[in-house]
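Peer 1: Please read through the structure below; I'll follow up with questions.
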Amino acid sequence: MNPVESVARQAPVQSTPAALFRIAVLGNPNTGKSTLFNALTGSRQKIGNYPGVTVERKVGRLRAEGPTSPIELIDLPGTYSMAARSLDEQLATEVLLGRVAGEDPVQGLLVVVDASNLERNLYLTTQLLEFGLPVVVALTMIDIAEHRGIEIDGRRLADALNAPVVAVHPVSGKGIDELRARMADLGDMPARVRPPIPYPEPLRRGVEAMQHRLEPHGLRPGFAEAIRLLVDQGGAIERSLSERSGTEAVALVRTIREENADPAQPYILQESVTRYAWIREIVSQTVRRQAVSRGSQGQERLDRVLTHKFWGLLALVIVMGAVFQSIFSAATPAMDLIDRGTGALGTLASGALGDGALGSLVVDGVIGGVGSVVIFLPQILILFFLIALLEESGYLARAAFLMDRIFARVGLSGRSFIPLLSSFACAVPGVMASRVIEDRKTRMATILLAPLMSCSARLPVYTVLIAAVVPSVMVLGLVDTQALAMLAMYLLGITLAWPLGWIFRRTLFRGKSSAFLIELPPYRVPQWNSVLRTVLERGWAFLVRAGTVIFAISIVVWALNYFPHPTEIHDRYDGLRNQTTDASALTELDAREAAEYQHQSFLGKAGKLIEPLVRPLGWDWRIGSAAIASFPAREVVISTLGVIFSVGDSENEDTLRRSIVNARREDGSRLFDLATALSLMVFFALCAQCAATLAVIRREANSWRWPAFVFGYMSVLAYLGALCTYQVTRLLTGVSG
């Protein structure tokens, strides 16, 4: 049985068409708001940032029948209350009040409510109803509500809220057409009368005073803004008032608070107690509860394990180990296919273009450079897929709760876990995700730690080096040693974040951390269209980066590695080749000629210049050159090595992995032995080689001081980490010299 009976009020007589009707989409976190937004807008979306801040701006176009077509939807960040504290919540409040530069005011609201947690969700809903805008309520999670024995009378709920209520299931599409129709009617609805919540006398007097006594300052706030000014001392609206109207207006607000205060009951308590009492009355009239299903009891038992301080951590390690095992095992067929494709393309291009500069540019620069990065697309897609899967299932919220116990000891909180976890995909959204952290000091410490997490750009470096030097052996018949090595590289950043966070919070950002509160969403089957959308968006972003940034840098690296290409080298080796017919001797002469060209190239000379600095790390000039070239974007190291080792050469069918295995130093010893490979991986795990990340840190911190600090401390950390890794590994393996 459907737990919700949908109902919508009839719209009044339709008026003249509007050019563009703007509706803000709001709701608590984990209510399916973004999934519903995607279902309503499809591919008609634009994603950017609001002016002056790094809060994501997601706008979509919905075309509906009627005079209000077209409709623009603005997906605002999830929030539990209009008592805004974090940057996300502040932005949502400013949008509703029409105070965002360059943004037209919204004309209606779509409030997304979790039917399985109606009472808590109605707290925000009633606050939004007080803004006086036309509202449509969308009830989501109706299947979860049914499993919990919750049945909602939609007609009574609509009557109580004086707003249309529509039950929807975004994945199946149920209720979407009805919701579109109700949204199309919003433009013809009259101004909304606020809910008849019987607030205590001190609070009502204070709100009325706010509405009338601020007029000399050019302000006449509505009820919603006035109650927020009264209740939220030091909140977002008060800070906005200070910026717009100065300290006198803020002083008057504080005076009004003091004049109407009840010492026995603070304003925030008056609001929450009264609002929840009114909500409970509505819930008692509209919700019927039946026996709880066994599924709900099973979820509670599962939570007792996954949030346990020991078993939960063990489960987290197992889950992450399975993720990295999947990255290696599942991606191999697709990677082999791409490898064969780029090899065949290189052979074809070499045959068509010959051995001159143009042929070398296409084969070694473009195919060898870009192709050596694109080959790792399957692994990156699998990583994105598994992270999205864990997020959709509800597990990541448990992981954040679990990690709060660890992070709290170093002055961070569980809220830091989500930005840090996001940084495993890319540090740019990870840094931006830190805006959900209310406390500025905790937020800044999290931002400084986010680049330490091993992002997807590091994955190709780990993959090719681990495959080259770590033997594939099953441990206990369950997990491969290569997967364990990969897991160790990812754990390195997390492990170092713990002491560094402790240092940052006791030196740069002293102060107490705010308490961590999180709602654990119900476990649910992942919504595959949402998961696939996330994977495709991130995969496409990677391909665009490979086709632009990596392509451009590959061309530059090829040019530096090819020129000046003195003709006397070719003439000299041509003479030597004419003196022999032995195949092995000819092969050796070709290799010596290629090596001499590299030594004489601009890149070779630069590498030789820094070789004394990187030699203690076990590197030669070629690895040093690749490291330098990768500072704008760390994944470029793979394309640079591909160019240096001529992976795209039509006469060399070895992959980059094979080329690394066969690479030799000048004395004939293996270049990439275990110590050197580990040293290089540790360096890339700890170094801040990403211009985009540094740029977004500058925007978040509003200063170049912090990105400069991140670049400096991570560069020193990377060098020292690589140095210790190389020297200790040689000591443990008994290698001398």
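Think of each number as a place in line: the chain as shown, counted from 1.
Backbone N, Cα and C define each Cβ position, glycine as well.
Nobody curates TrEMBL annotations by hand; they come from automatic prediction.
Checked TrEMBL, it gives:
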type     : residues                   : note
BINDING  : 27-34, 52-56, 75-78        : GTP binding site
BINDING  : ASN38, ALA39, THR41, GLY42 : Mg(2+) binding site
DOMAIN   : 20-189                     : domain 'FeoB-type G'
TRANSMEM : 310-331                    : transmembrane segment
TRANSMEM : 370-390                    : transmembrane segment
TRANSMEM : 485-504                    : transmembrane segment
TRANSMEM : 542-563                    : transmembrane segment
TRANSMEM : 674-697                    : transmembrane segment
TRANSMEM : 709-728                    : transmembrane segment
Peer 1: Same chain, outside the transmembrane segment (485-504) by at least 6, Cβ under 8 Å from its Cβ: which residues?
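Peer 2: Answer is 320-321, 324, 327-328, 406-407, 409-412, 416, 420, 424, 445, 448-449, 452-454, 458, 462-463, 466, 470, 681-682, 685-686, 717.
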Peer 1: Do any residues at least six apart in sequence from GLY42 (Mg(2+) binding site), in the same chain, have a Cβ closer than 8 Å to its Cβ, and if so which, in order?
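Peer 2: For GLY42 (Mg(2+) binding site), the qualifying residues are GLY60.
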Peer 1: Which residues, given as numbers and ranges, are at least 6 beyond the ends of the transmembrane segment (310-331) yet have a Cβ under 8 Å from it?
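Peer 2: Counting only partners 6 or more residues beyond its ends, the transmembrane segment (310-331) has Cβ contacts under 8 Å with 378-379, 382-383, 386-387, 390, 395, 398-399, 402, 459, 463, 479-480, 482-484, 486-487, 490.
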Peer 1: Could you tally the C-beta atoms, other than its own, that fall within 10 angstroms of the C-beta of THR41 (Mg(2+) binding site)?
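Peer 2: A 10 Å sphere around the Cβ of THR41 (Mg(2+) binding site) contains 21 other Cβ atoms.
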Peer 1: Measuring Cα to Cα, how many Å separate ASN38 (Mg(2+) binding site) from PRO77 (GTP binding site)?
Peer 2: 14
Peer 1: Taking GLY27, PRO77 as the binding-site residues to compare, which has the smallest set of other Cβ atoms within 10 Å?
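Peer 2: Each of the binding-site residues GLY27, PRO77 was scored; lowest Cβ tally within 10 Å is PRO77.
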Peer 1: Averaging the per-residue pLDDT over the domain 'FeoB-type G' (20-189), what integer do you get?
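Peer 2: A mean pLDDT of 82 is what the predicted model shows over the domain 'FeoB-type G' (20-189).
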Peer 1: The transmembrane segment (674-697): which same-chain residues, six or more beyond its ends, come within Cβ distance under 8 Å?
Peer 2: 54, 427-428, 431-432, 447, 450-452, 454-455, 457-458, 461-462, 465-466, 468-470, 489, 492-493, 496, 617-619, 623, 627, 630-634, 637, 706-707, 710-711, 714-715, 717-719, 721-723, 725-726, 729-730, 733, 735
Peer 1: List every residue in the same chain as LYS33 (GTP binding site), at least 6 positions away in sequence, whose Cβ is under 8 Å from its Cβ.
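Peer 2: Looking at Cβ-Cβ distances below 8 Å from LYS33 (GTP binding site), excluding near sequence neighbours, one finds VAL25, LEU26, GLY27, ASP75, GLY78, VAL112, THR140.
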Peer 1: In which DSSP state, out of helix, strand and coil, do we find GLY27 (GTP binding site)?
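Peer 2: SS state of GLY27 (GTP binding site) = strand.
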Peer 1: 10 Å Cβ neighbour count around ASN30 (GTP binding site)?
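Peer 2: Neighbour count, Cβ to Cβ under the 10 Å cut-off: 18.
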Peer 1: Using the alpha carbons only, what distance in Å do you get between PRO77 (GTP binding site) and THR41 (Mg(2+) binding site) once rounded?
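Peer 2: Each residue's Cα considered, PRO77 (GTP binding site) and THR41 (Mg(2+) binding site) end up 17 Å apart.
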Peer 1: Restricting to the same chain and to sequence separations of six or more, state which residues have a Cβ under 8 Å from that of ALA39 (Mg(2+) binding site).
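Peer 2: Those within reach of ALA39 (Mg(2+) binding site), by Cβ under 8 Å and sequence separation of 6 or more, are VAL168, PRO170, VAL171, GLY173, ILE176.
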